[in-house]
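Participant: Structure provided below as structure tokens; questions to follow.
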Amino acid sequence: MATLPQKYEDVERWAFGDTEQVADELLALVLNGTKTATCAALDDEGVPQAGDIFVVVNGRNQPACAVELTEVELKTFDQVDEAHALAEGEGDSTLAYWRKLNNAFSRSMICSPQI
């Protein structure tokens, strides 16, 4: 998105990952249609709703695309299934890969699998 359309100027910005490289890699998966889902821990900002729109930024905080949430599900870590892992599109897209990748984050948040 070379220039952000005016209708998205005030839309919340959203970056994937916690480094520039990861943000760019995950953005590429969104742009090529591989990544159609994501996950996040609950926080004080509340739960997003279907219909919410976010501007996804690259690792340098530059807008790259806008996404509209079509569905929001609340699940505990151990309720995430193979279909969700496939939709996230990361690694080999298996549930085993998803759990390994996200387990470190879950543990850093001091979460139990039932949270």
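Backbone N, Cα and C define each Cβ position, glycine as well.
Just so you know, TrEMBL annotations never went through curation; they're auto-generated.
Sharing the features that TrEMBL gives for it:
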DOMAIN    14-114  domain 'ASCH'
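Relative to the rest of the structure, where do these features sit?
Facilitator: On the 0 to 100 pLDDT scale, the domain 'ASCH' (14-114) averages 90 in this prediction.
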Participant: Could you give me the DSSP helix, strand and coil counts for the domain 'ASCH' (14-114)?
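Facilitator: The domain 'ASCH' (14-114) comes out at 36 helix, 12 strand, 53 coil.
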